[in-house]
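The next block holds one structure in the form of structure tokens; read it before the comments.
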Amino acid sequence: MADILLLDNIDSFTYNLADQLRSNGHNVVIYRNHIPAQTLIERLATMSNPVLMLSPGPGVPSEAGCMPELLTRLSGKLPIIGICLGHQAIVEAYGGYVGQAGEILHGKASSIEHDGQAMFAGLTNPLPVARYHSLVGSNIPAGLTINAHFNGMVMAVRHDADRICGFQFHPESILTTQGARLLEQTLAWAQRKLEPTNTLQ
């Protein structure tokens, strides 16, 4: 079971994601991205083995409220999982580029190829997933491992040492056929090195 602070980037998918996580027994608290980063860091410090999850949302990562500041201040200090806009924010935070994907997707099912490692272990390959995006990450820096792609576009990244990962697609969507398992394996991967104490306290 994980204690998850879910940052809501003002997106209806946030609540689908929260429902999926809660149905698997995780504790989830939701805060919108207009809350000051310091307030959320203080809230995370009260949680037992916290995980920060960054939701999908409209627009570009740099304009998503406190999300860029949270990544700057918390990367490497606790596990962070980003979805869609959250994934793009992770790419930017590590020095990558986020630009137009060349098409606007809203509920498009695509079969992505993945490396079969870590959170993708044992999953169907190619894996059918749901894509809702017009932007995509590129020029991925050396610190991030590209662990899934579709037609040359980056669909997932991870940073093993910092316990940070991002998915361009939506694991919580019914169109992502093994999304619930992927989320569970991602949380297990993210928490693998956590000690019983909270390093933010």
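Just so you know, glycine gets a Cβ as well, placed from its N, Cα and C.
As annotated by Swiss-Prot, domain 'Glutamine amidotransferase type-1' applies to 3-196, with the evidence given as sequence analysis.
The annotation L-glutamine binding site is assigned in Swiss-Prot to G57, P58, G59, Q88, S134, L135 on the grounds of similarity to another entry. Long-range C-beta contacts of G59 (L-glutamine binding site), restricted to its own chain and to partners at least six residues apart, with a cutoff below 8 Å, comprise L85.
The active site, nucleophile annotation in Swiss-Prot covers C84 and rests on sequence analysis. Of all the Cβ atoms in the protein chains shown, 26 others lie within 10 Å of the Cβ of C84 (active site, nucleophile).
What Swiss-Prot records for H170 (among others) is active site, for GATase activity, and it gives sequence analysis as the kind of evidence. Secondary structure from DSSP puts H170 (active site, for GATase activity) in a beta strand. The Cβ of H170 (active site, for GATase activity) lies under 8 Å from the Cβ of F13, P56, I83, C84, V129, A130, R131, Y132, T176, G179, each of which sits 6+ residues away along the same chain.
Here Swiss-Prot flags E172 (among others) as active site, for GATase activity, drawing on sequence analysis. Every protein chain considered, the tally of other Cβ atoms within 10 Å of the Cβ of E172 (active site, for GATase activity) stands at 24.
Within 10 Å of the C-beta atom of G57 (L-glutamine binding site) sit 26 other C-beta atoms, taking all shown protein chains into account. DSSP gives Q88 (L-glutamine binding site) a helix state.
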